[in-house]
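> From TrEMBL, for reference:
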- B:92-281: domain 'ABC transmembrane type-1' (DOMAIN)
- B:30-47: transmembrane segment (TRANSMEM)
- B:96-119: transmembrane segment (TRANSMEM)
- B:131-151: transmembrane segment (TRANSMEM)
- B:157-174: transmembrane segment (TRANSMEM)
- B:213-238: transmembrane segment (TRANSMEM)
- B:258-277: transmembrane segment (TRANSMEM)
Amino acid sequence: MTSPLSLVGEASEATGLRPSFAARLRPVLIRLAAAIFVLWGAVTVTFIALSVLPGDRATIILNITSGQAIARTPAELTPINRAYGFDQPMVEQYARYIGGLLHGDFGTSYELQRPVAKIIGEQIGPTFTLAISALVLAWIFAVPWTLLTAGQGRRLGSFGSAAETITAGLPHYWVGILLLIVFAITLGWFPVIGGTSFMNTVLPTITLALPLAGFLGQSIRGEFDRTMREPFVLSARTRGMSAAGVRARHVLRHALIPAITLSGWAIGSLLSGAVLVETVFARPGLGSVLVSAVSDKDFPLVSGIVILNAFLYVVINLVVDLIYRLVDPRLRGTA
Amino acid sequence: MTASTTEFGRPQADQKTVPRSRIGVPRLPVSIWLSGLVVLFFAIAAIDPSLLSTHSAFETDLLNTLSPPSVGHLLGTDDIGRDLYSRIVWGTRQSLLIGLGAMAVALFGALVLGFTAALGPKWIAGPLHRLLEILLPFPILLLALLFVALLGPSATSLLISVGIGTTAGYARLIRAQALKVRKSGYVEAALALGHSERTIFRQHIAPNAFRPLVALVTLGIGQSVVWASGLSFLGLGVAPPSPEWGALLEAGKASITVAWWLEIFPGIAIVLVALSFTQIGRYVQDRSEGNLQ
């Protein structure tokens with residue numbers, strides 16, 4: 001707090017001037033440093049979790065590649081240990097792991113014997129499409145819903161909030177099953193067999209979007225009700241603005257702010273929620289890769305997907321945070 | 001028009017007080033009564049399934065395989081003629097125990113981590129707080145999957161994995177709550193009166209930090225059941241011959257095109273449990289917040 005930069009920021013705030021460029025850059029740099037720290041931590045936690053695991057990694061590799069589950073002799077294990085570097089000190093393995101990640105090398109899959117980065121690269125497309133379109137659809141569901149039901153009296157409000165509580169609590173997999181049975185099997189509007197075409201993406205997207213729409217709706221509604229009691233709402237009304245106009249133009253904008261933060265957070269859970277949804281719809285993507293990697297103890301592949309998820313989460317939240325600073329002048333110059 | 005006009009800028013309606021009937025029993029909302037009934041039903045099913053089930057969980061009726069819901073088989077039968085309703089009832093114990101166990105694991109970890117990160121000496125509280133932040137970008141499902149990969153799929157590893165997966169979130173909440181209480185006026189007053197740190201923790205911080213936990217735990221049990229069943233549904237938890245709800249869903253996947261009931265009803269059980277616990281938890285939360293104000 002005593003650094004000259006922060007003094008500049010405080011002084012300019014006090015005099016009502018625009019903070020200097022350096023003062024505005026500083027919080028951005030702090031965020032960036034924090035993001036890098038969190039990523040490093042995530043990688044380290046994953047590395048530690050995988051290194052202290054019960055069971056010998058060399059045995060797991062031999063058993064995966066041969067499709068057996070038997071105990072191995074030291075003579076069999078030594079070459080594997082050497083090839084994967086398991087015989088080296090922990091610190092050295094850790095350094096090699098970090099170094100590899102910096103070069104985009106996530107290691108080699110035990111089972112598929114191919115680079116993890118390549119496998120993820122091939123499979124991430126459909127998963128990413130699914131997650132992003134679900135986020136968009138959740139907003140399309142949540143905004144009109146809350147605009148219609150929030151702040152319009154108690155009865156409508158509790159109806160809207162009950163609907164949000166129920167959708168927010170629905171497990172992805174069950175929503176998916178329900179939609180699949182009703183719209184694909186019974187009505188036949190959508191294909192039952194999984195794929196990545198548009199028609200194959202509709203139901204999974206709705207599945208992933210519904211619970212998120214419930215969460216977003218809850219957050220928007222809470223903020224909406226709070227904003228309705230702000231003085232500027234009354235003053236806009238006394239200026240002769242219509243009730244609907246105030247709601248749509250003034251209240252809604254304020255009410256959306258927490259929901260934007262929530263969306264940044266939701267990206268992480270959308271990607272992992274996509275795993276369940278992809279399984280329900282037998283849709284190709286990271287989900288099926290992750291599930292088989294987990295059941296086969298294919299650690300490099302599992303940790304690669306986990307780290308990628310953490311990376312996307314951190315980057316997206318950093319971007320959301322910076323966008324805030326652009327949009328909301330009150331935040332400029334604060335750390 | 002007048003109705004909507006008065007809404008704008010009107011101060012919030014006076015604080016809700018808990019309505020009581022004449023004999024002093026709190027008048028609970030209908031949703032809480034219904035949730036209570038659901039929880040009661042599944043509690044009985046978990047304690048003694050034979051009270052509620054019509055068949056045994058593994059008894060097969062080969063003349064009626066994949067038969068839709070009927071009087072003989074309330075919720076239909078599966079591919080080898082086992083009664084679905086009875087299987088759901090018999091699976092309750094395991095499903096709820098995994099949920100409760102996961103919540104217990106999470107709560108224990110979260111209490112230790114949360115209180116230490118809030119009140120411990122600086123050299124440990126600081127790094128611990130950082131660790132909790134580092135765990136933020138790991139979605140619960142991924143963290144749980146990581147541990148399932150390490151421990152291998154089984155009921156125990158499911159319980160531990162879901163527990164560890166949800167720990168960090170609860171720990172952050174407990175830390176925030178403990179810090180809030182730590183900075184409150186009454187703790188300051190107790191310090192000024194010369195009470196020892198132990199006494200203050202026992203008499204002031206712990207009880208006040210615990211109150212919101214009741215709601216948190218209630219909400220958490222429902223969520224843990226959902227996560228655990230989700231992992232079983234992925235084939236990474238309890239394996240199919242068991243009537244655990246996620247395992248029922250996984251087993252029914254193969255016959256989804258011909259027997260919708262096998263996928264719908266176990267799901268309804270999961271959703272009912274999750275929603276009921278959520279409703280009760282929310283209610284407790286609102287009540288305790290209202291009382292605190």
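Every residue, even glycine, has its Cβ placed from backbone N, Cα and C.
Note that TrEMBL annotation is computational and uncurated.
Could you give the neighbours, burial and distances for every feature on this list?
Tertiary proximity for the transmembrane segment (B:213-238) is limited to same-chain residues at least six positions away from its ends with a CB under 8 Å from its CB atoms, namely 94-96, 98-100, 102-103, 106-107, 140-141, 144-145, 148, 153-155, 158-159, 161-163, 165-166, 170, 173-174, 244-247, 249-250, 270, 273-278, 280-282, 284-285, 288.
Within its own chain, the transmembrane segment (B:258-277) has Cβ neighbours under 8 Å at 34-36, 38-39, 42, 66, 68-69, 75-76, 78-79, 84-85, 88, 91-92, 95-96, 99, 218-219, 221-223, 225-226, 229, 245-246, 248-249, 251-252, counting only residues six or more beyond its boundaries.
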> Hey, which bits of the same chain come close to the transmembrane segment (B:30-47), Cβ under 8 Å, at least six residues off its ends?
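Same-chain residues near the transmembrane segment (B:30-47) but 6 or more away: 53, 89-90, 92-93, 96-97, 269, 272-273, 275-277, 279-280, 283.
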> Quick test of the contact rule: Cβ under 8 Å, at least six residues beyond the ends. What residues does that give for the transmembrane segment (B:157-174)?
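Same-chain contacts beyond the flanks: 97-98, 101-107, 109-111, 113-115, 117-118, 132, 135-136, 138, 140-141, 143-148, 151, 209, 212-213, 216, 220, 223-224, 227-228, 231-232, 236-238.
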